[in-house]
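Worksheet: the structure to be examined is printed underneath.
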Amino acid sequence: MPDQILLVDNDKALVFSISQYLVNEGFIVETANSVENGMKFLISNKPALIISDILMPQQDGYYFIKKIKSSEQYSNVPFIFISAKGMTSDRICGYKLGCQHYITKPFDPEELLAIIKSLLAYARVCTHFVDEKTNSMESIFNNNQQLLVSPLEYEVLKCVLEGMTNKEIADILKFTIRNVEKYVSRLLSKTDTKNRTHLAQYCYQHKIKVKRANDGNRTRE
């Protein structure tokens, strides 16, 4: 599913051009012309990333980011400021309040796109790390047919058994190839196998049931 981005700015022309550009790049873009409307949207939605102007009527972007970063639910959402306030002191203020990037208007949409992709990729890595720590169990397997793996290792192993390359797995799971290599390496270590072919052979020979960590009694052959 495409990543959803919340864009908060009262500049109608800029909002239209940026939202259209990002939609064409495969994102879902929700817009708000004020901090108040942006907060209303967040009541029932959690976007993958937030972009906000600073100078807006009533509450400004600084107020907005303070609310976001003080919320347990939204504090981990990447936040980008786009603003005509280009002084070094303005950027420092934004970073101190928790924004991940500060872009001075006018800017090239391609630069914004590159920043968005970078932040989302980093956010996925962080989320995967947290998920693994949260769902982690002692990584064990026994010759008695059961291999216990984390949710992410499960997804990678499933793809390996289907004969996918690391690049294909990375594309499907939205990982970097390096991350895929890391998970494959873990699986090789757990099964004491030397490569993907041996890993697949091991699973088939031992008729291993692949079971998600913290997934109750549900198993998959």
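Positions of Cβ are set from backbone N, Cα and C atoms, glycine also.
Automatic prediction, not curation, is the source of TrEMBL annotations.
As recorded in TrEMBL:
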type    : residues : note
DOMAIN  : 4-120    : domain 'Response regulatory'
MOD_RES : D53      : 4-aspartylphosphate
DOMAIN  : 142-207  : domain 'HTH luxR-type'
Number of helical, extended and coil residues in the domain 'Response regulatory' (4-120), per DSSP: 52 helix, 23 strand, 42 coil
Stretch-averaged pLDDT - the domain 'Response regulatory' (4-120): 94
